[in-house]
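**Q** Below is the structure I would like to discuss, written out as structure tokens.
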Amino acid sequence: MKPLVFGIFQYIAPNGTVGSAWQHPSDTSHEYLTIAHWTKLAQKFESAGLDFLFLADSYGFPALDGELLEAAVREGRGIPQGDPMPIVTAMAAVTEKLGFILTTSTTVEAPAANARRFATLDHFTAGRIGWNIVTGSSGATAAALMGKDLIAHDVRYDMADDYVDVCLKLWEGSWSDDALVVDKAAGVYADPAGVRMIDHDGPYYRAHGILNLPPSPQRTPLLVQAGASGRGRDFAGRNAEAVFVAGGVPSVVAANVAGVRASAVAAGRAADSVKLLVGALFITAPTHEEAVAKHTEMLAMSTNEGAAAIYAGNTGIDLLALDPDLPLAQTSTEMGQSNVERYLAKDGTPAPLVRDILENFRTTGINGSVFVGTPEEVVDALEEFVRATDVDGFLVQPHLTPGTYDDFIELVLPVLRERGLAPGEYRGSTLREQLFGEGRSRLPESHRGHDFAWAGTTGGDSAG
Ligand SMILES: Cc1cc2nc3c(=O)[nH]c(=O)nc-3n(C[C@H](O)[C@H](O)[C@H](O)COP(=O)(O)O)c2cc1C
């Protein structure tokens, strides 16, 4: 089996994937609003040789019908949540190789503002930035907060395609590679022949102007996507170089993975041009009994009310208000669909009942896969999961901070390396090189963003 990708999943908040782990005596995630908390973590992840730190984000929060869900506030689940952008330069300053993948939603800011911020960060991190493109979990509250109406699910993805076009044109097409001169003696900062306006007149967004920055090491940040609904997978096939998928039942994950690879092929790209990474919790200890005890302790910190609040925030569906002995009505939601599709009848299996859905969500969380056992047991299960699903790697979800990561680094990673499943050292210097190999800092030619590149470097002379 080829080496896998391993990223760390975090968000600017007290931790917990399954339950409210922040309340554990050893957990330090309540320090999430201090810079030192993050710089220490980033150094830990880099010295372990992990690929990247992913910071999830959403402007949404758990609420239903305009009312806050009290359990979310009380248990620190989805509320509070800080902006991931400002901490990245502090972490970049104390690391050299670790990548950073940051989430922004295409429903919040103008595309040009987003493009400029990511370009600036790609410079400040020397090419270690990725953009997790989402149309936004908890869409209803996010829209209301921004003074907007909730846009229909599939339209959000149509808009996201158009949004990404604007960003790609700015990153790929506004400056030539040799425009920057910085000749002090001649007084020439940049060559005017190498900087030009881009034009975009799309179905949802218009933009006329420049990216007001010279090209960054990657130009376009590594493009990542999360959201595995049918329309989300189409979007991923066109745009994403890495996709975060939820874990859970291997046959369901395998279908998601195959769906994304098929839509990449339909977009003229190779099936393996997209890295599929699955969110998973690793609860491990030197002995099986200790690992099981840690798992039991984790479940004791997870309440039905907290789980239902997270589920409601993500899907708009209140599991506590439904008849526990019926399945989810197969009605669609205009909020996030992955966590609804997850619990519908499929492959001849009947749809689970609401009481089972709640228990499954309480014990496995939003991303679904929990591996419990000794390092060898966990790696055996992980290998089996990879074989069954064709995923390319994992996002190590937060439970105890830093305990769960220490266990992963000290116990699991050595077994992975012994079996050749985790790379031993960093490849190249940019995030794209780390995932795709040295010399591959820029978008590949098969990606549609390449068509927007400056004439002479690639695909055509028109940026418009
Ligand atoms: C590992 C993983 C990480 C995710 N991170 C985010 C995130 O940071 N922000 C967000 O809005 N959605 C995130 N999502 C996606 C949401 O769960 C949700 O599916 C999506 O926003 C709605 O799109 P969909 O209808 O295509 O599922 C993530 C999903 C997975 C599997």
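Here the Cβ of each residue, glycine as well, is placed from N, Cα and C on the backbone.
Grabbed the feature section from TrEMBL, which reads as follows:
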{"type": "DOMAIN", "residues": "24-388", "note": "domain 'Luciferase-like'"}
{"type": "BINDING", "residues": "D57, T103, H153, Y157, S229", "note": "FMN binding site"}
{"type": "COMPBIAS", "residues": "441-451", "note": "compositional bias 'Basic and acidic residues'"}
{"type": "REGION", "residues": "441-464", "note": "region 'Disordered'"}
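Context for these features, please: burial, neighbours, distances.
**A** DSSP assigns S229 (FMN binding site) to coil in the three-state reduction, placing it in neither a helix nor a strand. Around S229 (FMN binding site), a 10 Å sphere centred on its CB holds 20 further CB atoms from the protein chains shown.
The DSSP breakdown of the compositional bias 'Basic and acidic residues' (441-451) into helical (H, G, I), extended (E, B) and coil residues amounts to 4 helix, 0 strand, 7 coil.
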**Q** Given a Cβ distance threshold of under 8 angstroms, which distant residues of the chain, six or more beyond its ends, lie next to the compositional bias 'Basic and acidic residues' (441-451)?
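**A** 127, 168, 171-172, 217-220, 223, 238-239, 241, 267-270, 273, 428-430, 432-433, 458-460.
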**Q** Sort D57 (FMN binding site) into helix, strand or coil using the DSSP assignment.
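**A** In the DSSP reduction, D57 (FMN binding site) maps to coil.
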**Q** Under 6 Å from ligand 1 by Cβ, which binding-site residues from D57, T103, Y157, S229?
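**A** Checked binding-site residues vs ligand 1; flagged D57, T103, S229.
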**Q** If you skip the near sequence neighbours and keep only those at least six away, which residues in the chain come within under 8 angstroms of D57 (FMN binding site), Cβ to Cβ?
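**A** Listed in sequence order: Y11, I12, Q81, D83, P84, L102, T103, T104, S105.
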**Q** Using Cβ-Cβ distances, find the residues under 8 Å from Y157 (FMN binding site) that belong to the same chain and are at least 6 apart in sequence, listing them in sequence order.
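**A** Set apart from Y157 (FMN binding site) by at least 6 residues yet with Cβ under 8 Å, we have T135, R231, G232, D234, F235.
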